[in-house]
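Structure, as structure tokens:
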Amino acid sequence: MGCTVSAEDKAAAERSKMIDKNLREDGEKAAREVKLLLLGAGESGKSTIVKQMKIIHEDGYSEEKCRQYRAVVYSNTIQSIMAIVKAMGNLQIDFADPSRADDARQLFALSCTAEEQGVLPDDLSGVIRRLWADHGVQACFGRSREYQLNDSAAYYLNDLERIAQSDYIPTQQDVLRTRVKTTGIVETHFTFKDLHFKMFDVGGQRSERKKWIHCFEGVTAIIFCVALSAYDLVLAEDEEMNRMHESMKLFDSICNNKWFTDTSIILFLNKKDLFEEKITHSPLTICFPEYTGANKYDEAASYIQSKFEDLNKRKDTKEIYTHFTCATDTKNVQFVFDAVTDVIIKNNLKDCGLF
């Protein structure tokens, strides 16, 4: 009888050991799994960050994949010049050369078919080149804060000669600059520093926000993107609302949400390159009338940083990790993401009682 009991005890002890081992392994596996939620208003650079993860932590974009972006590059280029030409009418800006009016008519006549077919024919690229060189068009481009224009407009239009070549294959940088509105949730997986990342990019336009909700559970960290350069712009979906104010409103609701009490919040103040360019001629008082500092990058950027960090109502227990970023600069994103990962590792160890 004694032997039987001890054999059963032994088996039970083995089972218990196995369960403990499995639980420990599951715990370690869970600690290595990182769920990152990318949040922010529309056009703040979230999708560009996702593309950078593909370049930095995966194999980037193959030639075949880059080829597939040709139609998007063409569409972004055509849409940009059309937006500028349309705005000339609203802003009452004339072409410097009156014959450009014919080119404008040609642009609207040719663009629809070109976009549908995903091509940039010679006659259309010639029309775009002549329009972009016109001083009136350039004057209108200089006033782009008064209408909706893609950030990548000048990047593509200045490089039209290369883009219009018949054998054109987009570069990684061309791909990074493409703009396609994110609808729904885009999930990306990659491994870095022994951690398995699941990154969720969520559409930033207001109509998309209700889809975020079920992504929130069990999130390790939130990366909140803000377009620094949007301080003098209004929303595409609400012409009354300043984009920076909208961003602050959204950040406030995320940062102080009861669901995220234990979630690391990482703030990416993005598009620092565009902000640095813009701040010298477009004052920060457009967005913050109370601002009395200089319209210089360092001072103005610090002011915006403090405006966001001051929204944190739990400063004693919750830290905001802020980084200034340029999402189209791979080296910058690589450096910043390295620092972000260290914060995540440190916080994970804290949660496990190992730090």
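Just so you know, glycine gets a Cβ as well, placed from its N, Cα and C.
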Region 'G5 motif' according to Swiss-Prot, located in which of 115-120, 145-150, 289-294, 325-330: 325-330
Range annotated as region 'G2 motif' - as stated in Swiss-Prot, picked from 165-173, 174-182, 237-245: 174-182
Annotated stretch (region 'G3 motif', per Swiss-Prot) among the listed ranges 7-16, 197-206, 207-216: 197-206
Number of Cβ atoms other than its own within 10 Å, given for G40 (GTP binding site): 25
Lowest local Cβ density (other Cβ within 10 Å) among binding-site residues: L176, V180, V202, A327: V180
Other CB atoms within 10 A, centred on S44 (GTP binding site): 27
DSSP-assigned states of the region 'G2 motif' (174-182) in counts, ordered helix, strand, coil: 4 helix, 0 strand, 5 coil
N270 (GTP binding site), number of other Cβ atoms within 10 Å: 29
Collapsed DSSP category at N270 (GTP binding site): strand
